[in-house]
Ligand SMILES: C=C(OP(=O)(O)O)C(=O)O
Ligand SMILES: [Mg+2]
């Protein structure tokens, strides 16, 4: 029976020019699979630990040599002894080897790269496309893109507090058409900003990052581009507030505007915003520890709008269960590196499904050319994917993978 021959780890660069972990798994029949860990900027407090060297001067302490060493010296010898070849067994061994609740021993960057590389190698061994191997006969649905075209918050150096202004082609016939609409709107927005003498520089995920009069003006600028491109009524708006970044001492402070708000003000703010604009989804409208306010907001607008827990749930079934019990939110953002293995990621998706929560597969603001999440979105029929603007290759790679899956 085929087994794991060796796992090789190495340090590569992500889209911000920071190092990250890449792993290659080789099977005894020579089949190989490679994957890389992405990295966040507005990271949740409850995410699994991304192991960084810290005490080393290389890359200002952001190196991942310790995590790579963990792949080569701890994970590889242990996996070589594994007698079965399923992702579940590999991931359960990774969890056991790590032995902590948050992957702080081996690093979630090390475990995730190995876990995803294993899945790729096994899929290749069975000569199956990754999405088909992961999802089996049930995998059929291409996700609707939630395309981030205007950036603020921690992802941009402008004066906007909301992190992501996304367009969602709800009226498109298929993935290819929706992606085309989004790309046309993105270019229309760029031309409009240029015509107004505003910056067309981009943020970490490729969305434009101009200074504007207010966050509401940012929504209007995006809606204007939707209209000029000819897609009004067929494209809606989604926001990622990344509200945990605003949380201070039981309240909120919008850092760029220097504005203080308490949870009630913020609930009122979102309620008004969704009445005024065609917003269908808000991610992290409130902080990662503010379950009571999340519950209140969900009671207020949860029947009209998708309320997505990113930092709130961190792809973690215990955090998600806490949210389900509290009636907080109605959707979960799925980022595999928040939890550190593919199996735990699939468990979070499964729990969300069984609890009536929507699922959105997501990239990180620091990405690589790895397209694993595109296959994952189709494999689990997630319905939605968040993978940035169509102008940075690490994001385009995911869109192109989805186009190819849809075509073939
Ligand atoms: C993709 C996101 O950003 P980051 O990777 O910086 O957490 C997000 O907050 O949804
Ligand atoms: Mg987010």
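Even glycines carry a Cβ here, placed using N, Cα and C.
Because TrEMBL annotations are produced automatically, they should be read as predictions rather than curated entries.
Residues or ranges marked as active site, proton donor in TrEMBL: 205. Sequence annotations record features per position, and here TrEMBL assigns active site, proton acceptor to 335. The feature substrate binding site is assigned by TrEMBL to 155, 164, 283, 310, 362, 363, 364, 365, 386. Annotation comment: TrEMBL describes 163, 335, 364, 365, 386 as (2R)-2-phosphoglycerate binding site. Annotation source TrEMBL lists Mg(2+) binding site at 240, 283, 310. According to TrEMBL, the domain 'Enolase N-terminal' annotation covers 4-134. For 139-407, the entry in TrEMBL reads domain 'Enolase C-terminal TIM barrel'.
Features per TrEMBL, on structure.
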residue: 163; record: (2R)-2-phosphoglycerate binding site; DSSP class: coil
residue: 205; record: active site, proton donor; DSSP class: coil
residue: 240; record: Mg(2+) binding site; DSSP class: strand
residue: 283; record: substrate binding site; DSSP class: strand
residue: 310; record: Mg(2+) binding site; DSSP class: coil
residue: 335; record: active site, proton acceptor; DSSP class: coil
residue: 362; record: substrate binding site; DSSP class: strand
residue: 386; record: substrate binding site; DSSP class: strand
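Among the binding-site residues 240, 310, the residue whose Cβ has the fewest other Cβ atoms within 10 Å is 240. Distances between the Cα of residue 365 ((2R)-2-phosphoglycerate binding site) and those of the recorded positions 205, 310, 335 are shortest for 205. In this structure the alpha carbons, written CA, of residue 163 ((2R)-2-phosphoglycerate binding site) and residue 240 (Mg(2+) binding site) are 6 Å apart. Non-local neighbourhood of residue 386 (substrate binding site): 145, 146, 148, 164, 166, 240, 333, 360, 361, 362, 363, each in the same chain, at least six residues away, with C-beta under 8 Å from its C-beta. Listed recorded positions: 240, 283, 310, 335, 386. Those with a CB atom under 6 Å from ligand 2: 240, 283, 310. Taking a Cβ cut-off of under 6 Å from any atom of ligand 1, the recorded positions 205, 335, 365 reduce to 365. A Cβ within 8 Å of the Cβ centre of 155, 164, 283, 310, 362, 363, 364, 365, 386, the residues given for substrate, is found for these other residues of the same chain: 40, 42, 148, 163, 205, 240, 333, 335, 388. Per-residue confidence over the domain 'Enolase N-terminal' (4-134) averages out at a pLDDT of 96. Neighbours of the residue listed as 'active site, proton acceptor' among the recorded positions 155, 205, 283, 310, 364, defined as a Cα within 10 Å of its Cα, are 310, 364. The (2R)-2-phosphoglycerate site, placed at the center of the C-beta atoms of 163, 335, 364, 365, 386, has further neighbours from the same chain whose C-beta lies within 8 angstroms: 40, 42, 164, 205, 240, 310, 333, 362, 363.
Rounded to the nearest whole angstrom, the C-alpha distance between residue 155 (substrate binding site) and residue 310 (Mg(2+) binding site) is 16.
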